[in-house]
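K.L.:
In case it helps, TrEMBL gives these features for our protein:
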TRANSMEM  108-129  transmembrane segment
TRANSMEM  141-161  transmembrane segment
TRANSMEM  182-205  transmembrane segment
TRANSMEM  211-231  transmembrane segment
TRANSMEM  331-350  transmembrane segment
TRANSMEM  370-392  transmembrane segment
TRANSMEM  413-433  transmembrane segment
TRANSMEM  464-483  transmembrane segment
TRANSMEM  495-520  transmembrane segment
TRANSMEM  540-563  transmembrane segment
């Protein structure tokens with residue numbers, strides 16, 4: 001009898017090994033088997049979704065200024081402002097989608113719902129652009145309605161797709177865990193594949209075959225993105241939403257302040273935590289206690305009044321929080337300095353669509369009889385990302401793994417730091433090109449003429465390539481970092497915060513340009529960045545951004561050395 005029970009127990013243990021250990025469930029909420037779900041077979045559909053969605057997005061974004069000026073007859077300044085506002089909105093709405101995904105709907109249903117809104121926006125946009133004749137106010141209104149439906153739809157997709165893809169690999173499985181880093185690499189590869197197709201083929205179609213077809217093709221690809229996503233539904237792994245993270249954060253702060261006079265115990269075992277393996281937060285594993293921000297631990301102190309209520313009922317989370325709930329807030333506080341130091345990188349990235357273009361407009365764009373549009377140079381940024389991802393995943397990681405004995409070769413913080421350094425090199429390269437350009441302009445007495453300088457635009461390739469290489473390290477590393485280090489129940493929200501840095505980087509760049517424009521023109525001076533760049537000092541602007549990036553890099557290193565990685569039970 002005892003032998004039979006022992007055999008049954010062993011069979012039960014072996015059977016348990018077939019299930020994921022991270023709490024994943026299927027669409028109906030049942031535990032999932034590893035060999036039937038998730039892994040690369042599920043990610044194939046998710047990466048296909050991302051590639052098609054990004055192709056649709058960049059199919060609109062890449063040439064939007066051209067449509068606004070040529071078809072809606074907006075001025076350059078108004079068109080540029082409308083594009084910047086829309087793109088900024090696209091990187092702020094992810095906060096809405098992330099909160100809904102982590103709190104109530106889950107990533108899958110959030111993606112599905114917002115993708116539908118996205119498609120409707122694309123369809124409205126395409127119909128408004130296909131109408132014959134001169135644009136009317138109602139057509140313009142319909143166009144902007146479609147544009148901002150796309151921005152809203154992107155808000156539910158951007159923060160969820162990458163984290164939903166990473167959810168397909170079991171954190172507790174040593175064989176599956178390293179694949180997450182590789183997934184993020186291929187995720188960005190998919191993004192840039194869509195961007196490359198949009199920036200070349202779709203832009204050509206829009207300029208030569210009309211906007212109806214030029215916007216219709218991205219709409220078709222958005223439909224393909226939705227189809228690709230739903231096809232994989234049967235093999236996806238799902239994480240249950242854990243309730244509102246904002247409310248949980250407020251509960252910890254309120255509970256801690258309520259007990260601000262209570263003495264912290266020397267033994268952490270006296271702090272409150274629910275029994276068992278799982279935490280009180282749905283879909284989240286327990287977090288180990290840390291000794292940082294000890295004041296917040298007061299929220300988990302069991303007072304006599306808490307002990308009385310605990311015996312009869314579940315204690316109010318506004319008075320008593322679990323260790324995991326407290327550590328959730330501590331993790332966010334620890335990640336904040338790392339998050340803040342990536343904003344400057346996004347400011348460098350924004351030069352691709354601003355001052356790098358301005359610089360390219362006053363360089364020699366001719367190669368034989370062909371004239372290169374300055375915006376086309378950003379293709380080298382995309383190409384460097386595509387090549388960089390392959391080199392990183394297939395060469396750098398295996399080599400680094402031999403020396404570091406780390407699953408992914410580099411830690412996320414090391415990877416991000418390398419990217420920040422690359423951004424400094426990008427600005428130094430741009431400054432050196434501008435110094436040489438101004439030198440040639442002075443030699444040929446072109447300083448008072450708004451003309452191109454006989455210096456090839458191809459000299460800009462290194463600065464675009466450095467930015468692209470920086471993306472491979474910083475942006476992909478940032479995705480890894482915020483997914484791995486965030487508490488299980490708020491991974492979409494942390495991914496959204498990573499995306500917000502792109503928006504904040506653009507705003508920072510705008511602020512710096514505004515301050516430079518004001519202070520450098522005091523007393524009637526020409527200024528650093530006049531309309532005629534031949535009589536300005538754009539090189540000084542690039543040196544300033546390089547200096548800010550260097551200071552930011554030093555601060556980042558200090559924060560990275562102090563950072564303590566998450567420990568989950």
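Cβ coordinates are placed from backbone N, Cα and C, and glycine is handled just like the others.
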K.L.:
Given the cut-off of 8 Å on Cβ pairs that are 6 or more apart in sequence, determine whether the transmembrane segment (370-392) and the transmembrane segment (495-520) share at least 3 such pairs.
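P.N.:
These two stretches do not touch.
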K.L.:
Do we see three or more Cβ pairs under 8 Å linking the transmembrane segment (141-161) and the transmembrane segment (495-520), pairs being at least 6 apart in sequence?
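P.N.:
Contact between the transmembrane segment (495-520) and the transmembrane segment (141-161): present, because at least 3 Cβ pairs are under 8 Å.
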K.L.:
Would you call the transmembrane segment (108-129) and the transmembrane segment (464-483) in contact, using three or more Cβ pairs under 8 Å, pairs 6 or more apart in sequence?
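P.N.:
They are not in contact.
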K.L.:
Who are the long-range neighbours of the transmembrane segment (331-350) in its own chain, taking Cβ under 8 Å and residues 6 or more past its ends?
P.N.:
249, 287, 292-293, 413, 416, 419-420, 423, 426-427, 467, 470-471, 474-475, 478, 481-482, 485-487, 490, 494, 497-498, 501-506, 508-509, 512, 545, 548-549, 552, 555-556, 559-560, 563-564, 566
K.L.:
Could you name the stretch, out of 182-205, 413-433, 464-483, 495-520, 540-563, with the greatest number of CB pairs under 8 A to the transmembrane segment (211-231)?
P.N.:
182-205
K.L.:
In terms of Cβ proximity under 8 Å, which residues at least six beyond the ends of the transmembrane segment (540-563) contact it?
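P.N.:
Residues 334, 337-338, 341-342, 344-345, 347-348, 351, 355, 413-414, 416-417, 420-421, 423-424, 427-428, 430-431, 434, 512-513, 516, 528-529.
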K.L.:
What else in the chain is close to the transmembrane segment (495-520), if you only count residues 6 or more beyond its ends and a Cβ gap under 8 Å?
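P.N.:
Answer is 84, 87-88, 91-92, 94-95, 97-98, 158-160, 162-163, 339, 342-351, 354, 478-479, 482-483, 486, 527-529, 541, 544-545, 548.
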K.L.:
Mind checking which residues of the chain, 6+ beyond the ends of the transmembrane segment (464-483), have their Cβ under 8 Å from one of its Cβ atoms?
P.N.:
162-163, 166, 180-181, 184-185, 187-188, 335, 338-339, 342, 345, 348-349, 351-352, 356, 377-378, 380-385, 388-389, 392, 408, 410, 412-413, 415-420, 422-423, 425-426, 429, 491, 494-495, 497-498, 501
